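Presented below is the structure to which this report refers.
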Amino acid sequence: MAMFNGDVEDGGRGDASCGKDLKRYLMLMGVVALVVLFGAFIYRQSSGGLRLGAMLEQMGRGTGPAVNVPVQQGGPSAAVNPAMSVPAGARVAPPSAAGAIATMPPMVDFGPAPIGAGGPFSSVVTLLRNSVVAVTASSANGQAMPDPLGLANPDGLPHFANPATRSVENIGTGVIVRNDGFIVTNYHVVRGANSVFVTVQDDVGSTRYSAEIIKMDEALDLALLKVAPKTPLTAAVLGDSDGVQVADEVIAIGTPFGLDMTVSRGIISAKRKSMVIEGVTHSNLLQTDAAINQGNSGGPLVISNGTVVGINTAIYTPNGAFAGIGFAVPSNQARLFILDEVGWLPTSTAEGASMGLVAMQRPMGGGVGAAGPAIFAGTRAPHTDGRQNMDCTTCHDLIPAGNGRPAPMMPIAAPIPPPPIPMGAVSPHTDGRQNMNCANCHQMLGGAAPIAAPGLGGGAYRFAQPPGSLAINIQGPRGGQSTAAGTGRVTLLGAALTPMSQRLGAQTGVPVGRGVFISGVTPNTPAATAGLRPGDVLLKVDGRPVRLPEEVSAIMVEMHAGRSVRLGVLRDGDVRNMTLVAGPAGLAAAAVQAPAIADMAQPPMGGMAPTAPGMVAVPGGPAVMPKPPTEFNWLGMEIETFQAPRPITGVPGAVPVPGAKGAQVAEVLVGSRAAVAGLQANDLILEVNNRPVAGPARLDAAIKGATNAGQQILLKVNRNGQEFWIVL
């Protein structure tokens, strides 16, 4: 009995021990399973896989209706949280059967974009806050200039982002491009103005200056202003607009509705080859969705490195308000426009424009010395060669000091660079600078002044390239007609080049997109020496086909003095080869003013012989002509007076050509042939089919000759000092 009882007790203890072991085993397995599940969860999340909720959905397959969860594809900001990202370009397969779960990743919520995700634009605005100005233009006779965006725009076509109108003033924006007071803005901001004022911001407030209009270009919609600042201004840096890509982020800075330093953000939406805006063809505009409103005209379009890549000019709007489509003139076009007048512009230093360091870009060549390193304000000059008597800011940036310790570097605007001087010139200085190397401050010329070529309007244009270059890389006088095929006229070593339009192509028999029309040639220039004539069509330059004046200029930039350039020219239906050489004739042409238009060789038109200087050819006309009329009503134009061209006030070198006169258009009938072609009141017609019309007799003869020919009519027009061609 006792043994039996003992056996029973031993068996009970064994069963209890076995149960405990089983429980421990099951608990261990459960822990392992949880670890495996947790590890799988972490692995899936780290490799861009499904979230836990999606795993539970997969585990519950077949237990309920299928739900397709939309996918939010992440852009650049999707990389902020890689643990919750969705592979770019992932495609979702459709359900294989009714009620099945589609293999679609769940929606990913990235949350708000972090500050500064698109670039350091806040520092860019800080950098440019003193480089963007408000431009106020007052119209003549105290009347407000027209503002078409103030009314509805039912045609839905692009219109200028016109300056906001305040009683008798228009408000726009401008960009300081040089610290000595040069400012670029839009042509339509200051057109028709008799006074212009500029408000410049600084670190302590603002200063209002009276501005002078230096030059304007209607086709580019650009104007260059000049103020006389009390202290050096802060200049912006013009970047490379050709390097900007579609979808690059930009900001627009301006004065919309008079609200100064307003910043909007967007992207480059497109690059437009040609746009007709209010009857004027503009080329290579940058399209952006950054908000541009009335008053933004002339303001900068800026990329993340702080450089200006465009000058805001127009918007596409059905009602006058911003509709998400704006346009800006590329900075590369603005640079050429400015360099034609000022010669040099600031450029970013090695540290980058975003650091606020702006260096002076002197004319290339001549061995101009490099700028010195930054120095602390108040430091004694270590020089003993005369530089100790100079202003240190001529060569150095100054680091200001305060409270006994240096402050961060600040840009110090350098003074205006000294003028170029010929090598071997005797120094006029007596303060020690006569012992210095002149190349430290001056551009050294090889014994001669920089080459300049006169345009057909009589003004001398400076090279934007070194003196040894053949290219006059400038934009010459441009017309405002919409038949300009998107670009304007360029003067090339004495030849005025105009792009082919459909009407001009019909006149010459050359299709649009092939060749460049030569609208005028100045005597005693390389172009005239090569044999070019007005009416020729330039097909090739140095063996390369050309279709725009800018392409010709770009090719010529690569050439150097003394090199012969082969030209392919179409004349009277025959292709001829000519050679253009920059020899003594080219140098001598620098000092030759453009002759009177009546003295220029005229091409044969309509089978007529060329006109001799000072004479008018009248096919079939009597030897003694009757007294001509004094008033004309022709093609919708009323003409009563004849006068000499009047250049824009303040444009250096733009003087009337001696003896040149034209027929002034008093009025243009709406809807007439002249109005459709783009003629306006106060236009001055200089030539009709290459015949000068300096008086009633010549105009009457030219009208009769054009009527008898029965062909399209080619008019040379002067508008506000700019000459261009219109085909009727």
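Backbone N, Cα and C atoms are what each Cβ position is placed from, and that goes for glycine too.
Segment annotation: Swiss-Prot labels motif 'MCR 2' over residues 421-444 (candidates 61-84, 157-180, 421-444, 469-492). Among the residue ranges 375-398, 519-542, the one that Swiss-Prot annotates as motif 'MCR (magnetochrome) 1' is 375-398. Taking every protein chain shown into account, Cys392, Cys438 are the binding-site residues, and of these the Cβ with the most other Cβ atoms within 10 Å belongs to Cys438. Between the CA atoms of Cys438 (heme 2 binding site) and Cys392 (heme 1 binding site) there is a gap of 16 Å.
Secondary structure from DSSP puts Cys438 (heme 2 binding site) in a helix.
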